């Protein structure tokens with residue numbers, strides 16, 4: 001459960017990330033593919049080379065979904081319902097992959113925003129990504 005302080009930390013961090021969210025999303029995907037090669041199996045039709053247009057496009061989709069979650073932090077299940085349906089019923093993504101991407105997002109954000117990435121912000125973002133992952137996997141049951 002995100003506390004009021006967590007919600008404020010997440011909103012502040014996301015504001016600092018700002019227009020770079022799509023780039024960071026793409027970098028986190030690349031990081032995930034390199035660190036956890038089995039995750040590539042969900043993207044057989046993608047050019048997975050560094051800087052590919054497909055990774056950039058999907059990274060922006062990830063960032064846009066997270067921005068939507070931040071903007072609806074008090075109703076993430078409602079805001080992410082269609083995305084949850086897509087990942088559970090059509091794409092059938094293994095739920096563990098959300099945790100892997102969350103970790104890669106944390107590493108990417110910490111590397112680009114060290115001043116903003118305090119221990120409290122790190123903890124809040126970790127909880128936020130876990131909450132997003134829970135929502136995205138809620139329709140698997």
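Indices start at 1 and increase along the chain as displayed.
Cβ coordinates come from backbone N, Cα and C, glycine included.
Taken from Swiss-Prot, the feature domain 'Globin' applies to 1-141, supported by sequence analysis. Swiss-Prot lists 58 with the feature O2 binding site, giving sequence analysis as the kind of evidence. According to Swiss-Prot, the heme b binding site annotation covers 87.
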**Fill in**
Integer Å value for the Cα distance linking residue 58 (O2 binding site) with residue 87 (heme b binding site) is 14
**Prompt:** Per DSSP, what is the residue count of the domain 'Globin' (1-141) in each of helix, strand and coil?
**Reply:** 110 helix, 0 strand, 31 coil
**Fill in**
In the domain 'Globin' (1-141), averaged pLDDT is 95
